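Undergrad: Submitted below is the structure of interest, expressed as structure tokens.
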Amino acid sequence: MGAAPPNAATNYDLVVIGSGVGGYTAANRAGQLGLKTACVEGAAVLGGTCLNVGCIPSKALLHASELFDLARTKFAGFGIKVSPELDLPTMMVQKQASVDALGHGIEFLFHKNKVDRIDGWARLAGPGKVQVRKPDGSDIQLTTRHVVIATGSIPTPLAGVTVDQVRIVDSTAALTLREVPKKLLVIGAGSIGLELGSVWRRLGAEVQVVEFLDHIIPGADAAIASACQKMLEKQGFAFRLSTKVLRATAHDATVSVDLEGLKDGIKETVNADVVLVAVGRRPFVGDLGLETVNLALDDRGFIPTQNFATSALGVWAIGDVTAGPMLAHKAEDEGVACVEVLSGLAGSVDYSIIPSVIYTSPEVAWVGLTEDQVKSGGRPYKLGRFPFSANSRAKLQHEGEGFVKVISSTDDYRILGVHMIGPQVSEFIGEACLAMEFHADSEDVARTCHPHPTGSEALRQAAMSVDGWMTQA
């Protein structure tokens, strides 16, 4: 992994700004295609948000906290008697060990694909030029034929709520709390709020979720979102929907939060030990020097692109800085496709088949259109549905909550959307993506042999149900 020599111009075919999932994937693909490539990263570690303060550490804590919760509440039902004691520092250490190991993996891939890692903060310095401010304060300038901007996103602030990362935290600080709060108030009922709320609820916190909308999980199928809310309420979550947060005030040991009901106008103040602000993310497009190549943001703060190319010749953008779902796997696909396009190949991303997953327990996963979207489009459709209460694997694991829902076109049975809530559904939503990618219809899935007993059989049974028959219910 060569670094650019100090105070010297270094020539590249491609400079990638940002080493998150999209950035390091783009850099590695470029190296594989024979491009002289550098990846510039301002943070001390590679991997961006997903690896360091997002997907990976949150899933590590979700897994560990679920084991703790199962030991307290479910193990006895399997004939295992234990009295678990929480060791939060060790839980945090093992989380970080997983993050570090994966970070070393990115370094290995850079070495394997001959990608130069350059430490420092990068900004465009005109056409074909990138200036890098090194950690020691010195500057170097890179010349390049292409630049890929992959700087990701940061938490969205909320008016009236000042994040201090002690009492009022964002998702980054919520991953490193030193003790379990007695009362946790989560602002936002999307994936981040529900996942991190699940972590601390399992570890002993009372969790209340405040959401501006009248439902949780914006973007999910209504039936799935409703089922998820009921299941989380059974676990101890309390939800305040259609509620606006007016302000939050941090005190020495607590936070007071002023709320207003959107339907009745009633105002109320509630208290919590910690408040988590999880109202979404916004593009991280600060000091990138976009003006040096006459590149402007759109009205939502994204970098406009067409087939990954910006309006500035040789400047490309992928991932969270561009429009679309802010998902690591979307950025990964764009990283590959973008580099292939700029290399003269036929790279592409099918944005209609980008899956979403929420790693609560049970998990939520979906791909394609929701039922409401199909209805609003006026397309005739048929539904298939199968409950996990009739799935052998789920039953033997005492995880029978949830269902799989398949939406197919009435005309040709083509799959329009698949929506799941149930045990480990993240592991087989990819099958639905593959089916849709190859234009399979619901009967194709229904007639495909699946291993027994597995959770994936629930998808097959739901596909059968589209045509009015099932073999397991």
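Here the Cβ of each residue, glycine as well, is placed from N, Cα and C on the backbone.
Feature table excerpt (TrEMBL):
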- H452: active site, proton acceptor (ACT_SITE)
- K59, T151, G152, S153, D320, M326, L327, A328, H329: FAD binding site (BINDING)
- G188, A189, G190, S191, I192, G193, L194, E195, E211, G280: NAD(+) binding site (BINDING)
- C50-C55: disulfide bond (DISULFID)
- 12-335: domain 'FAD/NAD(P)-binding' (DOMAIN)
- 354-463: domain 'Pyridine nucleotide-disulphide oxidoreductase dimerisation' (DOMAIN)
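What does the local environment look like for each feature on the list?
TA: The secondary structure of H452 (active site, proton acceptor), as reduced to three states from DSSP, is coil rather than helix or strand.
Other C-beta atoms found within 10 angstroms of the C-beta of K59 (FAD binding site) number 16, with every protein chain shown included.
Of all Cβ atoms in the protein chains displayed, 23 besides its own lie within 10 Å of the Cβ of I192 (NAD(+) binding site). In the three-state DSSP assignment, the secondary structure recorded for I192 (NAD(+) binding site) is helix.
Under DSSP, C55 (disulfide bond) is assigned to a helix (H, G or I) in the three-state scheme. Annotation for C55 (disulfide bond): same-chain Cβ neighbours under 8 Å, separated by at least 6 residues, are T49, A328.
Taking the domain 'Pyridine nucleotide-disulphide oxidoreductase dimerisation' (354-463) as a whole, pLDDT averages 98 in the prediction.
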Undergrad: Determine the C-alpha span of the NAD(+) site listed in the record, that is the greatest distance between any two of G188, A189, G190, S191, I192, G193, L194, E195, E211, G280, in Å to the nearest whole number.
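TA: So the maximum pairwise Cα distance among the NAD(+) binders is 15 Å.
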Undergrad: With DSSP, how much of the domain 'Pyridine nucleotide-disulphide oxidoreductase dimerisation' (354-463) is helix, how much strand and how much coil, in residues?
TA: 39 helix, 33 strand, 38 coil
Undergrad: Near G152 (FAD binding site), which residues of its own chain have a C-beta under 8 A away, given they sit six or more steps off in sequence?
TA: G18, G20, G22, G23, G48, T49, P283, F284, G319, D320, V321, A331
Undergrad: Got a sec? Which of these binding-site residues, G188, G190, has the most Cβ atoms within 10 Å?
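TA: That would be G188, with the most Cβ atoms nearby.
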Undergrad: For a quick check of packing: other C-beta atoms within 10 Å of the C-beta of H329 (FAD binding site), how many?
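TA: Result for H329 (FAD binding site): 19 other Cβ atoms within 10 Å.
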